[in-house]
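Enquirer: The structure follows.
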Amino acid sequence: MKKISFLLLLAIVICSIGWTDGQFTDVRCSASSKCWPVCKKLFGTYKGKCKNSKCRCYS
């Protein structure tokens, strides 16, 4: 029973990581490299990805 509880808790923690650290922008993109200067300008970090043709920046 402890093993199942531990695995369930671990799964919840892993699934909840990263839900709030990404910030969407209205800037359209075709590749993640297009988002890097946008994220640097808006949020001061080069960490960004192109998701659903929009830049998403991470802190």
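Glycine is treated like the rest: Cβ placed from N, Cα and C.
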Enquirer: According to Swiss-Prot, Cys57 takes part in a disulfide bond; indicate which of Cys39, Cys50 is its partner.
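Expert: So the cysteine paired with Cys57 in Swiss-Prot is Cys39.
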Enquirer: Going by C-alpha positions, which of the recorded positions (Gln23, Cys29, Cys35, Cys39) is nearest Lys49 (site 'Basic residue of the functional dyad')?
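Expert: Nearest by Cα distance to Lys49 (site 'Basic residue of the functional dyad'): Cys35.
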Enquirer: Cys55 (disulfide bond) to Gln23 (pyrrolidone carboxylic acid): how many Å between their Cα atoms?
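Expert: Roughly 9 Å, rounded to the nearest whole number.
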